[in-house]
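A short write-up of the structure that comes next.
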Amino acid sequence: MPCAMLVAAAVEVAVPTLAEAAALGAIGAILAGPLMQPTKVRSPVRVRNSNLKCHGTKMRSPSMVSMSQSQRIKIPSYVGLSTVHTPALLTPVISSRSTRTFQKTAKTIQERSHAVMQIPEFTPGTGLRSTNAIQRTTEVLQRHSHVGLRQPHAGRLREMHTASGRPVIGLTPTIVSQKTTKVPKQPRFVARAIDNFSREVMNAIAVAHDEAQYIAHLTIGSTNILLSLISQYICIFLLEIILNKAYKMFRAAVRRATRGAKLATLMEYGTNLTKLAEEGKLDPVVGRQKQIDHVVQILSRRTKNNPCLIGEPGVGKTAIAEGLAQLIATGDVPETIQQKTVISLDMGLLLAGTKYRGELEERLKNILEEIKQNGEIILFLDEVHTLVTAGSAEGAIDAANIFKPALARGELQCIGATTINEYRKHIEKDAALERRFQPVKIPESTVDETVGILKGLRERYQGHHKVQYTDEALVAAAELSHKHIRDRFLPDKAIDLMDEAGSIVRLRNAQCKPSKKVNDLEAELKKTLKEKNDAISIQNFRRAKQLRDHELQLRTNISALTDKKTQMMEPDAIAMPVVTEDDVRHAISRWTGVPLHKVSMDESRKLLKLEEALHRRVVGQGEAVAAVSRAIRRARLGLKHPGRPVASLVFAGPTGVGKSELAKALAAYYYGSSESEEAAMVRLDMSEYMEKHAVARLVGSPPGYVWHGEGGQLTEAVRRRPHAVVLLDEVEKAHRDVFDLLLQVLDDGRLTDGKGRTVDFKNTLIVMTTNIGSSLIVNNGGDGAAAAGRIKNTVTDEMKRHFRPEFLNRLDEVIMFQPLTELEVGKIAGIMLEEFAGRVREKGIKLKVTDKFRELVVEEGFDPSYGARPLRRAVVRLLEDTLAEKMLAGEVREGDSVIVDADSAGNAVVRRSNAMPA
């Protein structure tokens, strides 16, 4: 019986059977070696006198140890197993029982043999194919004199090309030829006697027979023969091929299953934007298609394929990276990046916790190694300029130098994002890093583009705030934010404005306040719980039971009231509140302090009566009051020039006629409140800026000077209060360079401070006071239009000699303040006395002045050359000083009512009202 027939028949086993056998036995033994202690693994068939062990380490290939009675043979690796073993070593000693079994089986086979040797009793489905294999093998065996297990399986391999005869995993005729040791050719002779069978064949048939009986098979199948050969470590090259192939398949499956584990460091310090896009957790990206296409084009390069997004804060640099992740998730990208994954690396998280030198470098190297092994990662670095200084210390290198080699070779695909200033400050200084990034400029969105972006985000914000946005509200958010929020950029500021308007409307329409009945029940429940605990502590369980029942009843009542209120609110919840254009205007008014909401009826009446309100504090000067009122009305109704301040006025006139007082009255009445007029007015005394070096204090000191970085006194105040009155008092005393600085403010409504920030003056009312020509006004004073025209021409000529033409040409109006008449001074005296009476009333003293005393004050305080300031000094001397002496002497106490009068000598007389003569 030629044993090659057995091998040829054994190779007939189909692939699934071999895969099952390998998985149950060899794979488990070999691949489990590196993961656990050496373990004895049972062969897939019941093998006698044979065990299989595996030993392995983390870095070396697992090894097999075959045990055959007293012989121990170590197989160091999978490759070339058959070359290190000989048949003599691999053949176990045949027991007497095995010999008898073999002789019986061989006799049966010989009795059924035909002219050409064949084994007809194979398992159905394989017998015919095995018979053909034996016939093919006979031709090969005729060249050999000894029948063993090392003859090539040529007969079987000729049948492998058909579908029903698929080869064993990885087994080809070439491999078999290479793995089989050649036997020298002998004269053509086919051994038929049993003596010519080798001991390997005898033992293999015996084991196959035993296994067939063990599993209740009536015949010996090819599966039994093959597993018998492998279990006896005969035909070891078949086991080598099967295990190598299965090991590769298993490693591939493990690699796929542990792909996420291999990105452990990257996932610890990063965020998978592609996964978030697949889950729908990213906001939709509207527009920016041109910039995204440019990024994809750079990513498709072979080397230096690293785009760097450069733009101002808030223009949408991060949104472009998220948009790319969304396109990859939906597959709407070229095939060059279809399988890529966008991961955002958090540099702050990467740097956190690096206590010792080298920890940051180790994290970065692990990240780069994971990216290199994966090969499908696009790394997004927001604020990429932090790479330049991250980790830099004495004796260490920064993160940028670690990234540079990978960026240049194309091993790392990175999308950076930074601002224009940071790019110039950090990236451009490092020429080696700059050449590895390809800049992509991200401009600020236009108003129309911003409206489209807001419409794309509308659904997300409606779901969050439970409101509805009208198209007019979105347009207003884009336009108003672009117009009134100057220190930020679109679309970020428009999105924030839309978000804030939604939150305002939601809170305004919220009906979550509990009713009074619910509050009373909750208070009673709290009291009941306390009494129950006290009863339990003193072991009064009867009382505790009663309180517990009362507690349950209270909870039921509270729940019923709450559910009823929820049901009543359900119809309102369906009809969600609507965010309108006026809601957006209210939101930006809260944000900037500029009144942009529509003019209400109350405010309309307030604007129409603005002159009357101002005249309560400012006596006379009708022209100035009217000019200021007209400017306020234009600005409030949106009719003023959008690129200039509300108004730029010069109040010219003699001292003490109410120039500064008018600005204060305007700030108190319209821009602020009467209690705090200073909060709505930016006042600068220009006498403090007489020196040339003091001019820089208006906008901030330049680098290298004291107070650099503190902000300018003018620019910083307007940045904090953009809707205010800017009063430049006694402007003619300032240095001439101050007027050059104000040219840009008067014409364009903007000014750049010492830190490079642009300050918006478009919502300010600029008032400058001057005393130029005051002596001429006093000397040429008089009544009538002729005198007023003569004074105006005189003052205008004087101002032309003092100020430059470009400064005067940018002023809206120069208003002349006339000297005060005695009648106007009397009215001012009444205002001052009423103001003093209000201060004394806070001390508990009721004050009343007579007409005689008022005339005395006007007589001593009137001076046409000095205006109303002498009047204030007269009030202080005649009234305040006299009343203070009486209070110190005890003649006037808290709660008294006093009357102030004047005697015939022109002195003030203070007496209590109950001491007055009848």
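Placed from the backbone N, Cα and C atoms, the Cβ positions cover glycine too.
Annotation source Swiss-Prot lists region 'I' at 266-515.
The ATP binding site feature in Swiss-Prot is assigned to 311-318, 653-660. THR655 (ATP binding site) falls outside any helix or strand according to DSSP and counts as coil.
The annotation region 'II' is assigned in Swiss-Prot to 579-774.
Of the listed binding-site residues PRO313, GLY653, the Cβ environment within 10 Å is emptiest of other Cβ atoms at PRO313.
Of all the binding-site residues listed (VAL315, VAL657), VAL657 sits in the most crowded Cβ setting, with the most other Cβ atoms within 10 Å. In this view, THR655 (ATP binding site) is surrounded by 16 other Cβ atoms within 10 Å of its Cβ, with every protein chain counted.
Around the Cβ of LYS659 (ATP binding site), a 10 Å sphere holds 27 further Cβ atoms from the protein chains shown. Here the Cβ of LYS317 (ATP binding site) has 25 other Cβ atoms within 10 Å, regardless of which shown protein chain they belong to. The C-beta environment of GLY311 (ATP binding site), restricted to residues of the same chain at least 6 apart in sequence and closer than 8 Å, consists of LYS317, THR419, ILE420, LYS441, ILE442, PRO443, GLU444.
DSSP assigns PRO313 (ATP binding site) to coil in the three-state reduction, placing it in neither a helix nor a strand. As a whole-number mean, the pLDDT of the region 'I' (266-515) in this prediction is 85.
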